[in-house]
Amino acid sequence: MTDLVPGRNAAPAADPAEARRANAAPSPGAAPRPGRPGRRRRDRATPFVLLAPAALVLALVLGYPLVRLVLISFQDYGLRAMFTGATPWIGFANYTKVFTGGEFGAVLERTVLFCAALVAGTLLIGMLVALMLGALGSKMRAAVTFCLICAWAVPNVAATLVWQWLFQPGYGVVNWLLTQLGVFGNLSEHDWFTGGLSSFAVIWLLVVWQSVPFVALTLRAGLSQIPRSYYETAALSGAGGWLSFRIVTLQFLRPILLLVTILSVTWDFNVFNQIWILTQGGPNAATTTLGIWSFTQAFSAQAYGQGAAIAVVTVLLLAVLTSYYVRRLVRAGEQW
(Lines of atoms letter the chains of each structure in order from A and count residues from 1; the text may use other names and numbers.)
(Lines give C-alpha, C1' and ligand atoms only; values in the text may rest on other atoms or scores of the structure.)
Protein backbone atom coordinates (compact mmCIF):
# COMPACT_ATOMS: atom_id res chain seq x y z
CA MET A 1 0.00 0.00 0.00
CA THR A 2 1.31 3.31 -0.96
CA ASP A 3 2.29 5.67 1.83
CA LEU A 4 0.27 8.85 1.40
CA VAL A 5 1.72 10.75 4.35
CA PRO A 6 2.67 14.20 3.00
CA GLY A 7 6.38 14.96 2.83
CA ARG A 8 7.57 11.39 3.66
CA ASN A 9 8.58 10.35 0.08
CA ALA A 10 8.67 13.82 -1.58
CA ALA A 11 12.00 15.32 -2.69
CA PRO A 12 13.33 18.14 -0.47
CA ALA A 13 12.56 21.64 -1.68
CA ALA A 14 15.40 23.30 -3.58
CA ASP A 15 17.14 26.39 -2.18
CA PRO A 16 15.74 29.50 -3.96
CA ALA A 17 19.22 31.00 -4.53
CA GLU A 18 20.53 27.78 -6.08
CA ALA A 19 17.46 27.59 -8.29
CA ARG A 20 18.06 31.11 -9.59
CA ARG A 21 21.72 30.33 -10.34
CA ALA A 22 20.75 27.12 -12.13
CA ASN A 23 18.26 28.94 -14.28
CA ALA A 24 20.75 31.72 -15.07
CA ALA A 25 23.61 29.36 -16.00
CA PRO A 26 23.75 28.62 -19.75
CA SER A 27 23.58 25.08 -20.97
CA PRO A 28 26.86 23.50 -22.17
CA GLY A 29 25.87 23.77 -25.81
CA ALA A 30 24.39 27.24 -25.65
CA ALA A 31 26.20 30.10 -27.34
CA PRO A 32 27.47 32.91 -25.06
CA ARG A 33 25.43 36.05 -24.96
CA PRO A 34 26.88 38.82 -27.07
CA GLY A 35 28.18 41.76 -25.04
CA ARG A 36 26.82 45.20 -25.44
CA PRO A 37 28.41 47.10 -28.36
CA GLY A 38 29.07 50.19 -26.24
CA ARG A 39 31.04 48.20 -23.68
CA ARG A 40 33.11 46.46 -26.36
CA ARG A 41 34.00 49.82 -27.88
CA ARG A 42 35.05 51.15 -24.48
CA ASP A 43 37.22 48.08 -23.86
CA ARG A 44 38.97 48.56 -27.20
CA ALA A 45 39.50 52.26 -26.56
CA THR A 46 40.92 51.85 -23.04
CA PRO A 47 44.55 51.11 -24.09
CA PHE A 48 44.59 54.09 -26.43
CA VAL A 49 43.22 56.37 -23.72
CA LEU A 50 45.92 55.21 -21.30
CA LEU A 51 48.67 55.71 -23.89
CA ALA A 52 47.41 59.10 -25.05
CA PRO A 53 49.18 61.25 -22.39
CA ALA A 54 52.57 59.62 -23.01
CA ALA A 55 52.08 59.83 -26.78
CA LEU A 56 51.22 63.53 -26.49
CA VAL A 57 54.33 64.26 -24.43
CA LEU A 58 56.52 62.37 -26.91
CA ALA A 59 54.94 64.22 -29.81
CA LEU A 60 55.69 67.56 -28.18
CA VAL A 61 59.17 66.72 -26.90
CA LEU A 62 60.42 64.72 -29.90
CA GLY A 63 58.03 65.35 -32.74
CA TYR A 64 58.29 69.11 -33.02
CA PRO A 65 62.13 69.29 -32.82
CA LEU A 66 62.42 66.52 -35.41
CA VAL A 67 60.03 68.25 -37.82
CA ARG A 68 61.81 71.55 -37.27
CA LEU A 69 65.16 69.87 -37.91
CA VAL A 70 63.96 68.45 -41.22
CA LEU A 71 62.62 71.84 -42.30
CA ILE A 72 65.90 73.62 -41.49
CA SER A 73 67.82 71.03 -43.50
CA PHE A 74 65.98 72.24 -46.62
CA GLN A 75 66.55 75.94 -45.93
CA ASP A 76 69.42 78.39 -46.34
CA TYR A 77 69.67 78.83 -42.60
CA GLY A 78 72.96 80.52 -41.78
CA LEU A 79 74.29 83.47 -39.82
CA ARG A 80 72.41 85.92 -42.03
CA ALA A 81 69.11 84.26 -41.19
CA MET A 82 69.76 84.91 -37.50
CA PHE A 83 69.59 88.67 -38.14
CA THR A 84 67.24 89.01 -41.10
CA GLY A 85 64.91 86.10 -40.42
CA ALA A 86 65.01 85.18 -44.11
CA THR A 87 65.28 81.41 -44.60
CA PRO A 88 64.80 80.71 -48.31
CA TRP A 89 63.94 77.19 -49.40
CA ILE A 90 66.89 75.61 -51.24
CA GLY A 91 65.75 72.00 -51.61
CA PHE A 92 68.46 69.35 -51.30
CA ALA A 93 71.39 71.79 -51.57
CA ASN A 94 72.49 71.19 -47.98
CA TYR A 95 72.44 67.42 -48.49
CA THR A 96 74.42 67.82 -51.72
CA LYS A 97 77.11 69.78 -49.87
CA VAL A 98 77.24 67.15 -47.13
CA PHE A 99 77.65 64.21 -49.52
CA THR A 100 80.03 65.92 -51.97
CA GLY A 101 82.18 67.86 -49.51
CA GLY A 102 84.77 65.11 -49.16
CA GLU A 103 84.38 64.62 -45.39
CA PHE A 104 81.25 62.49 -45.22
CA GLY A 105 82.86 59.16 -46.12
CA ALA A 106 85.67 59.41 -43.57
CA VAL A 107 83.40 60.69 -40.80
CA LEU A 108 80.80 57.97 -41.45
CA GLU A 109 83.42 55.22 -41.46
CA ARG A 110 84.92 56.55 -38.24
CA THR A 111 81.52 56.75 -36.58
CA VAL A 112 80.45 53.23 -37.55
CA LEU A 113 83.75 51.63 -36.52
CA PHE A 114 83.84 53.46 -33.21
CA CYS A 115 80.21 52.52 -32.52
CA ALA A 116 80.93 48.86 -33.33
CA ALA A 117 83.95 48.86 -30.99
CA LEU A 118 81.90 50.42 -28.21
CA VAL A 119 78.98 48.00 -28.59
CA ALA A 120 81.25 44.94 -28.78
CA GLY A 121 83.27 46.00 -25.75
CA THR A 122 80.19 46.89 -23.72
CA LEU A 123 78.38 43.62 -24.44
CA LEU A 124 81.45 41.43 -23.89
CA ILE A 125 82.52 43.05 -20.62
CA GLY A 126 78.91 43.35 -19.47
CA MET A 127 78.35 39.62 -20.02
CA LEU A 128 81.54 38.75 -18.12
CA VAL A 129 80.54 40.98 -15.22
CA ALA A 130 77.04 39.45 -15.18
CA LEU A 131 78.49 35.93 -15.05
CA MET A 132 80.89 37.03 -12.31
CA LEU A 133 78.00 38.39 -10.25
CA GLY A 134 76.30 35.02 -10.47
CA ALA A 135 79.41 33.27 -9.12
CA LEU A 136 79.93 35.63 -6.16
CA GLY A 137 78.50 35.29 -2.69
CA SER A 138 75.58 37.38 -1.58
CA LYS A 139 77.63 40.01 0.29
CA MET A 140 80.25 40.42 -2.42
CA ARG A 141 77.53 40.48 -5.09
CA ALA A 142 75.75 43.28 -3.23
CA ALA A 143 79.00 45.26 -2.95
CA VAL A 144 79.82 44.90 -6.65
CA THR A 145 76.24 45.77 -7.62
CA PHE A 146 76.44 48.91 -5.48
CA CYS A 147 79.66 49.95 -7.23
CA LEU A 148 78.10 49.36 -10.64
CA ILE A 149 75.06 51.45 -9.78
CA CYS A 150 77.28 54.27 -8.50
CA ALA A 151 79.32 54.27 -11.71
CA TRP A 152 76.15 54.25 -13.80
CA ALA A 153 74.53 57.05 -11.80
CA VAL A 154 77.37 59.54 -12.33
CA PRO A 155 76.41 62.11 -15.02
CA ASN A 156 78.54 61.62 -18.13
CA VAL A 157 79.76 65.24 -18.12
CA ALA A 158 81.03 64.94 -14.55
CA ALA A 159 82.57 61.54 -15.25
CA THR A 160 84.26 62.87 -18.40
CA LEU A 161 85.82 65.76 -16.48
CA VAL A 162 87.18 63.32 -13.91
CA TRP A 163 88.67 61.14 -16.66
CA GLN A 164 90.17 64.21 -18.28
CA TRP A 165 91.99 64.90 -15.03
CA LEU A 166 93.07 61.25 -14.69
CA PHE A 167 94.80 61.35 -18.10
CA GLN A 168 96.10 64.90 -17.78
CA PRO A 169 99.82 65.28 -18.67
CA GLY A 170 101.99 66.43 -15.79
CA TYR A 171 99.75 65.56 -12.85
CA GLY A 172 97.36 62.88 -14.12
CA VAL A 173 96.97 59.80 -11.95
CA VAL A 174 97.22 57.40 -14.92
CA ASN A 175 100.50 58.89 -16.12
CA TRP A 176 101.91 58.81 -12.59
CA LEU A 177 100.86 55.18 -12.07
CA LEU A 178 102.33 54.01 -15.38
CA THR A 179 105.56 55.88 -14.62
CA GLN A 180 105.79 54.19 -11.22
CA LEU A 181 105.41 50.78 -12.82
CA GLY A 182 108.45 51.54 -14.98
CA VAL A 183 107.32 49.30 -17.84
CA PHE A 184 106.74 52.10 -20.35
CA GLY A 185 109.35 54.54 -19.12
CA ASN A 186 108.60 58.07 -17.97
CA LEU A 187 105.06 58.96 -19.04
CA SER A 188 104.48 61.82 -16.63
CA GLU A 189 104.30 64.38 -19.46
CA HIS A 190 102.62 62.15 -22.03
CA ASP A 191 99.55 63.71 -23.65
CA TRP A 192 97.00 61.06 -24.56
CA PHE A 193 94.97 63.43 -26.70
CA THR A 194 97.59 64.39 -29.29
CA GLY A 195 96.98 61.25 -31.37
CA GLY A 196 93.78 59.97 -32.89
CA LEU A 197 94.23 56.35 -31.81
CA SER A 198 95.17 57.14 -28.20
CA SER A 199 92.33 59.66 -27.98
CA PHE A 200 89.82 57.10 -29.19
CA ALA A 201 91.28 54.55 -26.74
CA VAL A 202 90.65 56.85 -23.78
CA ILE A 203 87.16 57.74 -25.02
CA TRP A 204 86.43 54.04 -25.58
CA LEU A 205 87.44 53.20 -22.01
CA LEU A 206 85.31 56.03 -20.66
CA VAL A 207 82.16 55.18 -22.62
CA VAL A 208 82.44 51.44 -21.94
CA TRP A 209 83.01 52.14 -18.23
CA GLN A 210 79.80 54.15 -18.18
CA SER A 211 77.78 51.65 -20.25
CA VAL A 212 78.82 48.32 -18.69
CA PRO A 213 76.78 48.69 -15.45
CA PHE A 214 73.44 48.87 -17.26
CA VAL A 215 74.25 45.92 -19.53
CA ALA A 216 75.71 43.83 -16.69
CA LEU A 217 72.76 44.37 -14.36
CA THR A 218 70.25 43.72 -17.14
CA LEU A 219 71.95 40.48 -18.16
CA ARG A 220 72.32 39.48 -14.51
CA ALA A 221 68.55 39.83 -14.09
CA GLY A 222 68.07 37.55 -17.10
CA LEU A 223 70.58 35.00 -15.82
CA SER A 224 68.76 34.76 -12.49
CA GLN A 225 65.62 33.58 -14.34
CA ILE A 226 67.26 30.56 -16.01
CA PRO A 227 66.18 27.36 -14.20
CA ARG A 228 69.04 25.26 -12.85
CA SER A 229 67.41 22.19 -14.35
CA TYR A 230 68.41 23.41 -17.82
CA TYR A 231 72.08 23.26 -16.91
CA GLU A 232 71.64 19.91 -15.17
CA THR A 233 70.01 18.48 -18.27
CA ALA A 234 72.82 19.81 -20.45
CA ALA A 235 75.41 18.31 -18.10
CA LEU A 236 73.68 14.91 -18.19
CA SER A 237 73.78 15.11 -21.99
CA GLY A 238 77.56 15.48 -21.85
CA ALA A 239 77.75 19.22 -22.54
CA GLY A 240 80.71 21.05 -21.08
CA GLY A 241 80.82 24.56 -19.70
CA TRP A 242 81.22 26.33 -23.04
CA LEU A 243 78.55 24.23 -24.76
CA SER A 244 76.13 24.78 -21.86
CA PHE A 245 76.77 28.50 -22.16
CA ARG A 246 75.96 28.40 -25.87
CA ILE A 247 72.87 26.20 -25.84
CA VAL A 248 71.36 27.35 -22.53
CA THR A 249 72.61 30.77 -21.47
CA LEU A 250 72.83 32.47 -24.85
CA GLN A 251 69.56 30.98 -26.08
CA PHE A 252 67.69 32.08 -22.98
CA LEU A 253 69.26 35.56 -23.02
CA ARG A 254 68.74 36.14 -26.74
CA PRO A 255 65.80 38.59 -26.39
CA ILE A 256 67.62 40.50 -23.65
CA LEU A 257 70.84 40.61 -25.70
CA LEU A 258 68.93 41.98 -28.67
CA LEU A 259 67.36 44.65 -26.48
CA VAL A 260 70.65 45.83 -24.95
CA THR A 261 72.24 45.73 -28.41
CA ILE A 262 69.58 48.08 -29.78
CA LEU A 263 70.03 50.45 -26.85
CA SER A 264 73.83 50.30 -27.07
CA VAL A 265 73.85 51.03 -30.80
CA THR A 266 71.50 53.97 -30.27
CA TRP A 267 73.56 55.45 -27.45
CA ASP A 268 77.03 54.76 -28.84
CA PHE A 269 76.24 56.00 -32.33
CA ASN A 270 75.35 59.37 -30.80
CA VAL A 271 78.23 59.73 -28.33
CA PHE A 272 78.89 63.44 -28.06
CA ASN A 273 79.68 64.77 -24.57
CA GLN A 274 82.69 62.56 -23.97
CA ILE A 275 84.29 63.33 -27.34
CA TRP A 276 83.57 67.05 -27.20
CA ILE A 277 84.90 67.56 -23.68
CA LEU A 278 88.06 65.50 -24.19
CA THR A 279 89.09 66.34 -27.77
CA GLN A 280 86.41 68.52 -29.44
CA GLY A 281 86.81 66.24 -32.46
CA GLY A 282 90.58 66.65 -32.68
CA PRO A 283 93.43 66.31 -33.15
CA ASN A 284 93.03 67.29 -36.79
CA ALA A 285 89.45 65.96 -36.83
CA ALA A 286 90.74 62.48 -35.95
CA THR A 287 87.90 61.92 -33.45
CA THR A 288 85.18 63.74 -35.37
CA THR A 289 82.03 61.62 -35.59
CA LEU A 290 78.71 62.47 -37.21
CA GLY A 291 77.44 64.08 -34.02
CA ILE A 292 80.56 66.23 -33.62
CA TRP A 293 80.51 67.15 -37.31
CA SER A 294 76.87 68.23 -37.16
CA PHE A 295 77.57 70.38 -34.11
CA THR A 296 80.65 72.08 -35.55
CA GLN A 297 78.92 72.81 -38.85
CA ALA A 298 75.95 74.36 -37.09
CA PHE A 299 77.58 76.29 -34.26
CA SER A 300 81.18 76.84 -35.38
CA ALA A 301 80.67 77.44 -39.10
CA GLN A 302 77.15 78.89 -38.57
CA ALA A 303 75.89 76.61 -41.34
CA TYR A 304 72.77 75.52 -39.51
CA GLY A 305 71.19 74.05 -42.62
CA GLN A 306 74.15 71.74 -43.24
CA GLY A 307 74.29 70.80 -39.57
CA ALA A 308 70.61 69.91 -39.69
CA ALA A 309 71.15 67.86 -42.86
CA ILE A 310 73.94 65.89 -41.15
CA ALA A 311 71.66 65.28 -38.16
CA VAL A 312 68.84 64.02 -40.41
CA VAL A 313 71.26 61.66 -42.17
CA THR A 314 72.41 60.43 -38.76
CA VAL A 315 68.83 59.67 -37.71
CA LEU A 316 68.17 57.76 -40.94
CA LEU A 317 71.38 55.74 -40.63
CA LEU A 318 70.58 54.92 -37.02
CA ALA A 319 67.10 53.78 -38.03
CA VAL A 320 68.61 51.47 -40.64
CA LEU A 321 71.17 50.07 -38.19
CA THR A 322 68.61 49.32 -35.48
CA SER A 323 65.78 48.07 -37.71
CA TYR A 324 67.48 44.69 -38.17
CA TYR A 325 67.78 44.14 -34.42
CA VAL A 326 64.24 45.39 -33.83
CA ARG A 327 62.86 42.80 -36.28
CA ARG A 328 64.86 40.05 -34.60
CA LEU A 329 63.66 41.22 -31.19
CA VAL A 330 60.03 41.07 -32.34
CA ARG A 331 60.51 37.57 -33.76
CA ALA A 332 62.24 36.43 -30.58
CA GLY A 333 59.37 37.82 -28.50
CA GLU A 334 56.84 35.92 -30.61
CA GLN A 335 58.80 32.69 -30.16
CA TRP A 336 59.00 33.13 -26.41
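Just so it is clear, glycine is given a Cβ too, placed from its N, Cα and C backbone atoms.
The shown structure was predicted, so the numbers you read here are calculated from the model rather than taken from an experiment.
These come from TrEMBL:
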COMPBIAS  8-28  compositional bias 'Low complexity'
DOMAIN    108-325  domain 'ABC transmembrane type-1'
REGION    1-41  region 'Disordered'
TRANSMEM  48-67  transmembrane segment
TRANSMEM  111-136  transmembrane segment
TRANSMEM  143-166  transmembrane segment
TRANSMEM  201-223  transmembrane segment
TRANSMEM  243-267  transmembrane segment
TRANSMEM  303-326  transmembrane segment
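Only residues 6 or more beyond the boundaries of the transmembrane segment (143-166), in the same chain, are considered here, and those with a CB under 8 A from a CB of the stretch are 129, 132-133, 136, 172-174, 202, 205-206, 209-210, 212-214, 216-217, 273-274, 277-278. Distant neighbours of the transmembrane segment (303-326): 66, 69-70, 72-78, 81, 90, 93-95, 97-98, 108, 258, 261-262, 265-266, 269-270, 290-291, 293-297; these residues of the same chain sit at least 6 beyond its ends, with a Cβ under 8 Å from one of its Cβ atoms.
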